[in-house]
Amino acid sequence: MDPSNQKHFTVVDYVIFAVLLAASMAIGLYYALSGGRQRTTQEFLMADRSMHCLPVSLSLIASFQSAVAIIGVPGEIYTHGTQYWFIGCSYILGLLIPAHVFIPVLYRLRVSSAYQYLELRFSKAVRICGTLTFICQMVIYMGVCVYTPAFALNAVTGFELWGTVLATGLVCTLYTTMGGLKAVIWTDVFQTVVMFAGQLAVIMVGVQRTGGVSEVWRKVWEGNRISGLDLNPDPTERHTFWTLGVGGIFLMLSLYGVNQAQVQRYLSSRTEKEAVRSCYMVFPSLQLALALSCVMGLVMFARYCGEDPSDKLGTSSRDAMVIYFVMDMLQGLPGLPGLFVACLFSAALSTISSAFNSLATVTMEDLIKPYFPAMSESRATLLSKALAASYGLLCLAMAYLTHLMGDSVLQVALKIFGMVGGPILGLFSLGMFFPWANSTGAVAGLGTGLAVAFWVGIGSIFTRSSGARPLPPDCTAILNTTTAIHTALSNVTLSRPTGLKRFYSLSYMWYSAFNCFTVILIGLIISFLTGRQVLMCAYPLYNPQLLFTNSLNVYFLFRPYERRGCNTRNNLSPVRETPLFSA
């Protein structure tokens, strides 16, 4: 980028940014020195199961609303219009199902790691496979979350790239290691407020400098950026109502149903009702966050339609263009650029701190404790803190690799969740909804799901056409309809994929659903071939509960101990039937 086009921070901006980092550190220090001082794994990893629904719900928001969303969604709206807004429709079932299916199961089992359920339901091997898959997913995603804001700031302001990455990663590692889950949740609350404040400031100033609400609306309408309801059923179409509203449900389930970072917050609640209530409270906040990001993208379009800021930036990355827009709008208003940067890094900090804590939890509970049952509480707590710090350093290494990815950060992040989160969702669904599935089928299903996921994901990267740099947005696109229609038809004719390339062109929003069903289908087939499993009883709880009824089976998930055939160690008594085929 030409240094003459760079936007610069004032002293006030640096102060506001420093205050954010200092406040996050202070919260971590407070919880390191108060209460039980994080001396037990229960307090460090689970916040003593004492959290109320409000901080838990705001923490759930902050974990999902990362810097990827704050930069990626406005860039998406600016480039392609408001079709992405329809993902909000998926939030309804994407939160209702976790609230009434996944939370009751996991909370009543009193587990610390979601993957403990997999051992209770299947076997230790399935639990370890699920844990390792989750670790890979979050380590990759952390790199994206840390690198994204640092890269965008470097491109626009000349902010030192790796200095920013180090500051973010180290501060987050320190307060997560010192204060445990309580510090993570309460810093998330503080950072959520900063996120909303930063976005509102940009929108208000941007609307005012673009000429007011009516002028913004006129430009986005004439520029054809207000998308209608696209009911095209083609799964290779990048964004339609079906890819966003239906495919998005499975993406939300992989995030809010079985992702350890979110599950750990549910499990830290005082009661099951508080956990369910926190899930309900996420819905309006998620809709507000989506609306703010989309409106910001529309204001950005109205400001630059007919121009091409990428010439000034020296890059066509729309993620960097979002930061350029913010700095352009807020330049000359001391403190506001610093507020938005604080907003951006709040999102990054909240996401990666959640990842550190959840990764430390699953490593401790699933990979270490089962093999060292006699480990003292003090040593286990110390090891948990060391794990959180180690994952923080690993995150910095992953940030270094993230810049090799070519897609927008939003698409990269959702691809990661679809490619890895989808198979994990399929594994839990196989266990909860199909009583006859066995551990052999679960492992085979997960392995096949991951293989297919990476096959499609990597294939889409290698077959992606480089294409020309996108044209600058045109404010009068709707007026020149003949040219627009001709261009659209020629694009369809020239770029319509066929054969295997069409398979690789599957919309990334379908990845979660496709991979989830792959795991379930393969898992059921292998289970029937190797001898299906019938659960005579399951983990006993305070109130035995009928989970669901289907045409083949009435499945009681929770049974009392007296049920004949129960295994008193894990309270599961699988009965193996004769395989359909035997050697």
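Cβ coordinates come from backbone N, Cα and C, glycine included.
No curator has checked TrEMBL annotations; they are predicted automatically.
These features come from TrEMBL:
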TRANSMEM  12-33  transmembrane segment
TRANSMEM  53-73  transmembrane segment
TRANSMEM  85-107  transmembrane segment
TRANSMEM  128-153  transmembrane segment
TRANSMEM  159-177  transmembrane segment
TRANSMEM  189-207  transmembrane segment
TRANSMEM  279-302  transmembrane segment
TRANSMEM  339-362  transmembrane segment
TRANSMEM  382-401  transmembrane segment
TRANSMEM  413-434  transmembrane segment
TRANSMEM  441-462  transmembrane segment
TRANSMEM  508-529  transmembrane segment
Contact yes or no, the transmembrane segment (279-302) and the transmembrane segment (53-73), 3+ Cβ pairs under 8 Å, gap 6+: yes
Long-range neighbours of the transmembrane segment (85-107), counting only residues six or more past its ends (CB under 8 A): 77, 114, 117, 227, 229, 239, 241, 244-249, 251-253, 255-258, 263, 266-267, 269, 272, 275-276, 279-280, 282-283, 286-287, 290-291, 294, 428, 432, 509, 545, 547, 557
Contact call for the transmembrane segment (508-529) against the transmembrane segment (128-153), three or more Cβ pairs under 8 Å: no
Feature contact check the transmembrane segment (339-362) with the transmembrane segment (413-434), CB under 8 Å, 3 or more pairs: no
Feature contact check the transmembrane segment (12-33) with the transmembrane segment (189-207), CB under 8 Å, 3 or more pairs: yes
Positions whose Cβ lies under 8 angstroms from the transmembrane segment (53-73), at least six residues beyond its ends: 84, 144-145, 148-149, 152, 184-186, 188-189, 191-192, 195, 199, 255-256, 261-262, 265-266, 268-269, 274-275, 277-279, 281-282, 285-286, 289-290, 293-294, 296-297, 319, 322-323, 343-348, 350-351, 354, 408-413
Segment proximity, the transmembrane segment (128-153) to the transmembrane segment (441-462), 3 or more C-beta pairs under 8 Å: yes
